Amino acid sequence: MADRIYWTLEQAQDLFNKPFLELMFEAQQIHRQHFDPRQVQVSTLLSIKTGSCPEDCKYCPQSSRYRTGIDTERLMQVEQVLDSARQAKAAGSTRFCMGAAWKNPHERDMPYLEQMVQGVKAMGMETCMTLGMLHHDQAERLASAGLDFYNHNLDTSPEFYGSIITTRTYQERLDTLDKVRGAGIKVCSGGIVGLGETVRDRAGLLVQLANLPTPPESVPINMLVKVKGTPLADNEDVDPFDFIRTIAVARIMMPASYVRLSAGREQMSEQTQAMCFMAGANSIFYGCKLLTTPNPKEDKDLALFLKLGLNPQQTGTEFGDNQQQQRLAEQLINADSEQFYNAAV
């Protein structure tokens, strides 16, 4: 794009330092230039393989290095995953994300992963996976199966990264994103607020994301979910205004990307979530959990949507179509969501 901005750290920090209301106004203006401000993309995330991850990410309850009480589960059978996808679609999701606690996928598991992608695609849903690092041929195989998105977060700035993770380098994360993009899969990549980072680190993360050769189509911004047994369990709470600022700056720096209000929503007030939508967030995960951490139930999300006049994207509804919203509400309330998970990684 001829008019694309390549951001400096100083420019990003200047955005964080703007008066709050000015920042919100700018973010909302930019959001309206690229998106319908009343539509929110809705995804569901399922943990298809839980626990026993060899990585040492200090925030993650699925690491084998920490005692967090997480039950370890092997890779789910394909039909189990497809059953969950059917329920997610019935509950209103348009994208089904599948996450596995691996450093990288094993070759023996690739045929099953391909079948999962093909099966979910056949339902008319978008597909996303987060499986750790990928080799070139693995990315190509997932692309051939029809995978739409691959999630691989950068987590934080390059400077702070080594304080949080030592078993995978920042460059390895960037290399995986490059392989995903090279295979023709859309990129989902973001980070976490509340790791103990500074505002400069938050700015540095967003600079890394915005200055990728092609910015991510989807940018999940997570609030740290503190889990007992992880090294970050006693971190200070994130000030809601600091989190909202991060959403707003992400929207300004990546105007055409979906900015996902991701992990941590269970601990946010409705008012904080509303301000995040005002700041430019236009995607959420919903379901009972995000991987292994709590997430607001679907009926609670829908009630908030109704209060704010928001519509789940691609529901075939016109603005204010209360009958359609009521039908969706009934689907959400009746859906069995116990196996759906909330994504922090």
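Cβ coordinates are placed from backbone N, Cα and C, and glycine is handled just like the others.
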Need a hand: Swiss-Prot gives CYS128, CYS188, ARG260 for [2Fe-2S] cluster, which of CYS97, CYS276 is also on that list? CYS97
Through the lens of DSSP with three states only, how would you label CYS97 ([2Fe-2S] cluster binding site)? strand
Out of these binding-site residues, CYS57, CYS97, which one has the fewest other C-beta atoms within 10 Å of its own C-beta? CYS57
